[in-house]
Amino acid sequence: MIRLVTLAALPVLVLCQFDPSKWFMGSNLGGLQGFGVLPARCLNYLEAGYSRGNRLPSHRFFFNSTSGNCEQFVYYGRGGNRNNFRDVFKCMKSCGCKQQRNGGVPCNPPSQPVVRYYYDTFTKLCNTFQHTGCGGNSNHFKDWNDCFFTCGNGFET
């Protein structure tokens, strides 16, 4: 189910999936996992802005809601929209970490699932899950430290 709601006068997209066989391998809330709330700014399309005067373009990051990843682009210095971050950490903290966990799809040839960590926005904890090795989104990390320092309070600026 996809529903657009307003929280504190800010529109957000709420993504809910209910499947007790696939979601929440740890703390189980009846199969409802981590809410996956993406702020509206994360859903904006890429807007590179425009150049004026002798201002040099710079490399920035935007959240690609199709791929579920923070991606680099060239920003021309003026204009654009709020889906524009100075570094990948701010992009991840604002958007990437707020996605539901995604175990990916089986690779071809198949490989054994591996334990990865994802950030749960509901519990504000990094939890383990099985990743199949192919696909998924940017809310998966090789170890707890990477997860915590990217998404938790370990990387506050």
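Along the chain as shown, the residues are counted starting at 1.
Including glycine, each Cβ sits where the backbone N, Cα and C put it.
Listed in Swiss-Prot for this protein:
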{"type": "SIGNAL", "residues": "1-16", "note": "signal peptide"}
{"type": "DISULFID", "residues": "Cys42-Cys95", "note": "disulfide bond"}
{"type": "DOMAIN", "residues": "42-95", "note": "domain 'BPTI/Kunitz inhibitor 1'"}
{"type": "DISULFID", "residues": "Cys70-Cys91", "note": "disulfide bond"}
{"type": "DISULFID", "residues": "Cys97-Cys151", "note": "disulfide bond"}
{"type": "DOMAIN", "residues": "97-151", "note": "domain 'BPTI/Kunitz inhibitor 2'"}
{"type": "DISULFID", "residues": "Cys107-Cys134", "note": "disulfide bond"}
{"type": "DISULFID", "residues": "Cys126-Cys147", "note": "disulfide bond"}
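Known features from Swiss-Prot, placed on the structure.
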{"residue": "Cys42", "record": "disulfide bond", "DSSP (3 states)": "helix"}
{"residue": "Cys70", "record": "disulfide bond", "DSSP (3 states)": "strand"}
{"residue": "Cys91", "record": "disulfide bond", "DSSP (3 states)": "helix"}
{"residue": "Cys97", "record": "disulfide bond", "DSSP (3 states)": "helix"}
{"residue": "Cys107", "record": "disulfide bond", "DSSP (3 states)": "coil"}
{"residue": "Cys126", "record": "disulfide bond", "DSSP (3 states)": "strand"}
{"residue": "Cys134", "record": "disulfide bond", "DSSP (3 states)": "strand"}
{"residue": "Cys147", "record": "disulfide bond", "DSSP (3 states)": "helix"}
Neighbourhood of Cys134 (disulfide bond) by C-beta distance under 8 A, where only residues 6 or more apart in the same chain count: Gly104, Val105, Pro106, Cys107, Asn108
Within 10 angstroms of Cys42 (disulfide bond), Cα basis - disulfide-bonded residues out of Cys91, Cys97, Cys126, Cys147, Cys151: Cys91
Distance check against Cys70 (disulfide bond) for the disulfide-bonded residues Cys126, Cys147, Cys151, keeping those with Cα within 10 Å: none
Pairwise CA distance, Cys147 (disulfide bond) versus Cys97 (disulfide bond), rounded so that it is a whole Å: 9
Candidates Cys42, Cys91, Cys107: member of the disulfide-bonded residues with the richest Cβ shell (10 Å): Cys91
For the domain 'BPTI/Kunitz inhibitor 1' (42-95), mean pLDDT (0 to 100): 94
